[in-house]
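> There's a structure below that I have some questions on.
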Amino acid sequence: AALLLALQVRLVMKAYSFIRENVPRVLSSAKDKSGTVHIPRISQYLYFLFAPTLIYRDNYPRNPTIRWGYVATKFAQVLGSLFYAYYIFVRLCIPQFRNSSQETFNLRGLVLCIFNSILPGVLILFLAFFAFLHCWLNAFAEMLRFADRMFYK
């Protein structure tokens, strides 16, 4: 459910950016009574939907080729991050709660379990951010030949 919500928020943000960039252009050409109205092509919009950016432009800088080794490395890093997060979860988080489930409930035990799981939880969170924001998005940027990796600077 959280993944679906995140995807919907991303699509709403991209739609807002698309509308914000194109509506003023269309309105100004209608106001000037000029004969040509520049409407983006479907291919430009589809590229924007998959490009790792939230700011719509008609054209983005593009690399001439795709470095498939780089793509494979990034996807391997995503896979490695997932396995490492699984390892941390199985070795450090699950035993804490498994031991507490066999005892009678007490507040002290629950607080100790939570505090013993904070560091592994933060490590898993960092791995998730690294896997998605760095590896996954860079892999797709490379496959789309999106050249401007410093777009937001």
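Cβ atoms are placed via backbone N, Cα and C, with glycine included.
Caution: TrEMBL annotation is automatic and unverified by curators.
Okay, so TrEMBL annotates it like this:
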type	residues	note
TRANSMEM	68-89	transmembrane segment
TRANSMEM	109-137	transmembrane segment
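Buried or exposed, and what's around them? Tell me for each listed feature.
Counting only same-chain residues 6+ beyond the ends of the transmembrane segment (109-137), those with a CB under 8 A from a CB of the stretch are 52, 74-75, 77-78, 81-82, 84-85, 88-89, 92-93, 96-97, 100, 103.
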> Is the transmembrane segment (68-89) packed against any residues at least 6 beyond its ends, judged by a Cβ distance under 8 Å, and which are they?
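Same-chain residues near the transmembrane segment (68-89) but 6 or more away: 120, 123-124, 127-128, 130-132, 134-136, 138-139, 142-143.
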